[in-house]
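As structure tokens, the structure follows; a few thoughts come after it.
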Amino acid sequence: LLVSFGSSMLYGYNLAVVNSPAVHIKAFYNATWSQRYGHGLPPGPLTLLYSLTVSIFALGGLGGSLHGTLGRSALLVLLAGGLMAFSRYLAAPEMVIIGRAITGLHSGICLSVVPLYLGEIAPKNLRGFLGLLPSIFICLGVFCAQVLGLPELLGQDRYWPLFLAVVAIPASLQLLLLRCFPESPRFLLIERNDVCAATEALRRFLGTSDVQEVLEEMKEEQQSLSSVQTVSVWQLLQERSVRWQTLSVAVVNVGMQLSGIDAIWFYTNTIFQNAGIPESQIPYTTVGTSAIEVVAGLIGCFTIEKLGRRPLIITGFCAMGTCLAASLSSTHPLVPKCTGVPFLMTAELFTQSHRSAAYVLGGSLNWLCNFTIGFIFPFLQISTGAFSYLVFCGVCLLVALYVYLIIPETKNKTFMEISCVFSARQPLSPLCHAGMLRLRGYGAMESSLEGSEHILP
């Protein structure tokens, strides 16, 4: 809970914090430009500058996902909070943009490190529940931003710099509490070969001295990877033995962003305004939609160990596609909800040697698509109106189909058992040899016929 509070909650807060004060930030940009150059900004360049303010958060996140270590990154958020808090006093819009980029850098690090950490420390029967905790805190972060953005609180023109600077509070708590958390037992044993430290960490996490069974499972994974070095992202992309897992992580992370879910939180007020909701009711409608998202996230968190990962992610993407399609003929847009399973899935589909590289790859694709959607969505909505949701609808349905056909259920399976499931999968490519194929490793395919060298393209 504490790990997610100082990381995932900040990500959710920063997704929605620019929504409520959008009008005030644009007015500040316009007034500052007029003071500097003697004339205001035309609507097009003003929209471009605001879109950059929104989407630069994702470019910072991309840099953070490539960094991959948490360390004292919370200090960056304190710096960002200070920049944004004093931006209006110093008449410097650049400080808002730089502050957004820095908070994105911190969020990028956290979204890579925190799910990885939780996935490694969780027992297999609780891995789904703990793996979804970051997504719950993302929803709570969005909800807090929407509530604080109400006109009665920080939604007024004079308070928007303080509204943006609130990110410093959870970051300070994370900075204070970071030393209280032990290292991942799986990392200590497999990467550092420190059995004593791994045993002690397991006892702390599990609350019992009997950790032999878990330790043996970790040693089995260590033995299977004894001749395998930790791979880089480039090596991960080149390695045929994990091609299915790599493709799955790419598809789900790209699909999660191209579903439009973050664009909706970036521009909720504008979307509701275009849908015809009265101006005075929009802030409260926004709070209601984010509250529904929190409830949906909690339902997913408490049912994932019963229903499994596949049903939740398939249902989530199908429901999103259906809601987006319905938005074309509805007066009020329907806000979809995607489960947090993609963050959990990356940890479960790979063993220790490939997991870090997989998180870097998935996180990079996630943030790149986040930036793209955040930057172009206002222009897409201006040019196509409600039909802009058709693109998101198609992406949701295609991702759901891919998950249904390719990704196996991972509930209550060890990482080695999940590896065996992929090893037993038949190739779907028509370019592969038509005969029976024998699988090696995680997914590399080798013909069972003598002398055949056919593998996945």
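Note: Cβ is positioned from N, Cα and C throughout, glycine not excepted.
What TrEMBL annotates here:
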- 1-411: domain 'Major facilitator superfamily (MFS) profile' (DOMAIN)
- 48-66: transmembrane segment (TRANSMEM)
- 73-91: transmembrane segment (TRANSMEM)
- 97-118: transmembrane segment (TRANSMEM)
- 130-148: transmembrane segment (TRANSMEM)
- 160-178: transmembrane segment (TRANSMEM)
- 247-267: transmembrane segment (TRANSMEM)
- 282-304: transmembrane segment (TRANSMEM)
- 358-380: transmembrane segment (TRANSMEM)
- 386-407: transmembrane segment (TRANSMEM)
Does the transmembrane segment (282-304) come close to the transmembrane segment (130-148), meaning at least 3 CB pairs under 8 Å for residues 6 or more apart?
yes
Other parts of the chain folded back onto the transmembrane segment (97-118), taken as Cβ under 8 Å at six or more residues beyond its ends:
3-4, 6-8, 10-11, 14, 18, 52-54, 56-70, 73-74, 76-77, 79-81, 83-84, 87, 130-131, 133-134, 164, 167, 171, 184, 343-344, 346-347, 355-356, 359-360, 363, 366-367
Surrounding residues of the transmembrane segment (282-304) on its own chain - C-beta under 8 Å, 6+ positions past either end:
16, 19-20, 128-129, 131-133, 135-136, 138-140, 142-143, 146-147, 149-151, 155, 265, 268-269, 272-273, 312, 316, 335, 337, 339-341, 411
Across the domain 'Major facilitator superfamily (MFS) profile' (1-411), what is the average pLDDT of the model, as a whole number?
80
